Amino acid sequence: MIQLAKRVIRQTINDKRSVMLILVAPLLILTLVYFLLGDSDYVATVAIDPDAVPAPVIDALEQQELELVDITGDEADQALDYLQQHEDVDAVLRFPENSGMDITLYEPSTKGATAISEIQEAMADINPTAEAEVSYVYGTQDQTLFDSLGYVFLALFSFFFVFIISAMALVRERSRGTLERLMMTPIRRGEVIAGYTLGYSVFAVIQAIIIVLYAVFVLQLSNEGNIFWILLTMVLLAVTAVSFGATISIFAGSELQVVQLIPFTIIPQVFFSGLIPLDLIPYHLGNLSYIMPIYYGAAAIKGIMVYGDGLSDIWGYLAGLTAYALVLYVINTQALKKFRKL
Amino acid sequence: MDIQLSHVNKRFGDTAVIKDVSFTVAAGEICCLLGPSGSGKTTLIRLMIGALPADSGTIQFGDTEMPNMAILKRLGFMPQNDALYEDLSAQGNLAFFGGLYHLPKRTREARIAEVLDMVELTDHKRKLVKDFSGGMKKRLSLAIAILHEPDILFLDEPTAGIDPVLRRKIWAQFQSLKAQGTTIIVSTHVMDEVVECDKGALLYNGRLIEYDTVDRLLAKTDSGRIEDLFFAASESEARS
Ligand SMILES: Nc1ncnc2c1ncn2[C@@H]1O[C@H](COP(=O)(O)OP(=O)(O)OP(=O)(O)O)[C@@H](O)[C@H]1O
Ligand SMILES: [Mg+2]
C-alpha cells in the first residue's frame with residue numbers, strides 16, 4: 001500500500017500539469033473570484049428632474065455616493081423609454097403628485113440595488129425616523145459577496161481538482177494495462193484503493209494548506225473559526241474526492257469520458273453546495289444535497305468560517321463525509337474484482 | 001511448475017473467443033502460442049494468469065487450480081501493450097513492481113541492476129518512460145516481468161518491434177531462464193522463433209488446431225514452414 005502511495009506521489013510530481021492543476025489552479029481561480037465578488041467601487045447613476053424633486057432631497061442625494069443626471073420633466077414621465085435609450089443610467093427617481101417616491105430601474109441587477117440602497121440612505125438622512133438599522137447575528141453589513149460565499153469555493157476546489165486528477169489517473173491505469181499488471185502482483189484489492197487514496201491525500205493536505213492560507217491571509221476572507229478544522233474538513237473532502245474519482249473511473253472508458261461525466265458528477269454538486277440557500281430550492285429538492293459529498297464539506301466549512309463552529313458543532317458533517325468515503329471504498333474494492341477474483 | 005488446461009471456454013458477449021482448449025506444458029518447457037491476429041492468443045494468456053475468468057473448464061498450475069493468490073506471486077507476465085508508468089523512470093517502474101513482489105530490500109537494488117543489464121537499459125535507467133522508444137518500452141516491460149524470478153513466465157509478443165540482434169539476445173535470455181527451470185508461454189507472430197521452442201500451440205479462430213512438439217509440427221508440413229498448417233486449417237474451414 002505504501003509502495004503504491006509512493007508511486008502515485010512520484011508519478012504526480014513528474015507530471016507538471018497535474019501539480020499545476022492541484023496547487024496553482026485553485027489559487028488562480030480563487031483570486032479571480034475575489035475580484036469578481038469582492039468590494040466593487042461602483043457608483044450608480046440616478047436621473048432626476050431637478051424641478052420636480054424637493055431641494056432637501058437633492059441635497060441629501062448629493063451627499064451620497066451617487067452620480068446625478070438632470071433630465072426634463074417629459075423625460076422623467078417617460079422613464080422607461082429614457083432608461084432604454086440611456087444605458088449608463090441605472091435608475092430614474094421621481095416624486096409624482098399624491099404619492100411617495102417612484103424609482104424605475106432598467107433591470108433587476110446589483111447595479112440597480114446599489115442605486116436603491118443609496119437613495120434609501122439619502123431619505124433616512126432627511127427623516128431619521130425612517131432609517132432602517134440592519135444588523136446580523138453572523139457577519140456584518142459591509143461584508144462582500146466574497147466573504148459570504150468564499151467558503152463554497154474552498155469546498156469546491158478541494159473536491160474538484162483532486163477528483164479530476166485521480167479519476168483520470170485511474171482511467172489511464174486501466175486503459176494502459178498497468179492495472180491488470182498491478183493485479184498480477186500479490187497486492188490485495190483493498191490495498192490498491194487505499195494506496196491510491198493515501199497518495200493523493202498527500203497532495204490534498206498540501207493543497208488545503210495553500211488554499212486556506214491564501215484565502216484567509218492574502219485575500220482576507222473573513223473567518224470566525226479555527227483554521228485547523230477547515231484544513232481537516234478540506235482534507236476529508238479531498239479523500240472522498242479520490243474515492244469518488246475511483247468510482248467514476250469504473251464508468252468511464254477514457255480520460256475524455258471523465259470530462260464528459262462532469263455535468264453529472266460535479267455540476268449538480270455546485271448548486272447544492274450552498275451557492276443557493278437550500279431552503280429556497282423548491283419541491284424539497286434541497287434534500288438531494290444529502291447525497292452529495294460537497295454539501296457536507298461546504299456545510300462544515302461554512303459552520304467554521306461563518307458561525308465560528310468548533311468540532312462539536314461540525315462533527316456530524318465530518319461523519320457524513322467519512323461514511324461517504326467508506327461506502328465508496330467498499331464499492332471500489334468490489335469493482336476491482338473485474339480484474340482479479342481474489 | 002507444469003501447466004494443464006482442460007476444456008477451457010470463453011465468450012465475449014455472443015462470440016466464442018476460446019473454444020474448448022486443452023493442453024499441457026511440462027515444467028521447464030518453452031511453449032509458443034501461434035496464430036493469426038484475432039485468433040485468441042492474448043485472451044488465452046489472460047485466462048491462464050487469471051486476469052479473465054473462464055466460462056468453463058479448468059486451469060491448473062502444478063497441483064493448484066487457478067485463480068490462486070499464492071501461485072500469482074510465482075507468475076511473471078509481459079502484456080502485449082507495454083503497461084508501464086510513463087511518468088516514472090525505468091528504475092522507478094522496476095522499484096515499484098519490486099516492492100509489490102516484496103523483493104527483500106537488500107537484494108532489490110542488485111536485482112534491478114541485473115535485469116536492467118539484461119535488457120540493455122542500464123544507461124537509460126533514470127530517463128522517464130514517456131521519453132522511451134517503442135523497443136525500449138518493450139525491453140523495460142520484459143525486465144519487469146522477469147524481475148521477481150517467476151516460475152512461469154507469460155510473454156505476449158515479447159519481440160514485436162525489436163531489431164534482430166537484440167531479438168537474438170532476448171531469446172538467449174529465455175533459454176537461460178528455461179535452463180534454470182522456468183516454464184515459458186510465449187505468443188508470437190514470427191515463425192522463425194518457433195524453432196527456439198519445445199512445444200507449439202496453433203490457435204485458429206479460438207480453436208486449438210494443432211498442439212505438439214515443434215519437431216513433430218515441422219515434420220507435418222512438406223515445406224518445413226508452420227504457416228502451411230494454418231493455410232490447411234483455413235481451407236478446411238472454407239470447405240465446411
Ligand atoms: N475485452 C474484449 N471484449 C470483447 N471482445 C474481445 C475482448 N478481448 C478480445 N476480444 C476478441 O477476442 C478475439 C481474440 O482476441 P485476442 O486479443 O485474444 O487475439 P490475438 O490472437 O491476441 O490477436 P493479436 O495477434 O492481434 O494480438 C478477437 O476477435 C477480439 O475482438
Ligand atoms: Mg494479442
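Every residue number used here counts from 1 along the chain in the order it is shown.
Just so you know, glycine gets a Cβ as well, placed from its N, Cα and C.
Caution: TrEMBL annotation is automatic and unverified by curators.
Small disclaimer: the values here were computed from a predicted structure and weren't measured.
Residues or ranges marked as domain 'ABC transmembrane type-2' in TrEMBL: A:113-339.
The transmembrane segment feature in TrEMBL is assigned to A:20-37 (among others).
Same-chain neighbours of the transmembrane segment (A:149-171): 8, 11-12, 18, 21-22, 25-26, 29-30, 33, 37, 179, 196, 200, 203-204, 207-208, 211-212, 215, 219, 221-222, 230, 233-235, 237-238, 240-242, 244-246, 248-249, 252-255, 257-258, 265-266, 269-270, 273-275, 293-294, 297-298, 301-302, 305-306, counting only residues six or more beyond its ends whose CB sits under 8 Å from a CB of the stretch. Among the features that TrEMBL reports, transmembrane segment is placed at A:149-171 (among others).
What TrEMBL records for A:192-221 (among others) is transmembrane segment. Counting same-chain residues at least six beyond the ends of the transmembrane segment (A:192-221), those with a Cβ under 8 angstroms from any Cβ of the stretch are 1-9, 12, 22-23, 26-27, 30-31, 34, 146-147, 150, 154, 157-158, 161-162, 165-166, 170, 182-183, 227, 230-231, 234-235, 238-239, 241-243, 246, 305, 329, 332-333, 336.
What TrEMBL records for A:227-251 (among others) is transmembrane segment. For the transmembrane segment (A:227-251), the list of distant contacts is 154-155, 158-160, 162-168, 170-171, 174, 193, 196-197, 200-201, 203-205, 207-209, 211-212, 216, 257-258, 261, 265, 293-294, 296-297, 300-301, 304-305, 309-311, 314, 317-318, 321-322, 324-325, 328-329, 331-332, 335: same-chain residues at least six beyond its ends, Cβ to Cβ under 8 Å.
Annotation comment: TrEMBL describes A:258-278 (among others) as transmembrane segment.
Here TrEMBL flags A:314-331 (among others) as transmembrane segment. Residues 190, 193-194, 197, 229, 232-233, 236-237, 239-240, 243-244, 246-247, 290, 293, 296-297, 299-300, 303-304 of the same chain lie 6 or more positions beyond the ends of the transmembrane segment (A:314-331) yet place their CB under 8 Å from a CB of it.
Sequence-distant contacts of the transmembrane segment (A:20-37), counting only residues of its own chain at least 6 positions beyond either end whose CB sits under 8 Å from a CB of the stretch, comprise 12, 144-146, 149-150, 153, 157-158, 161-162, 164-165, 203, 206-207, 210-211, 214-215, 219.
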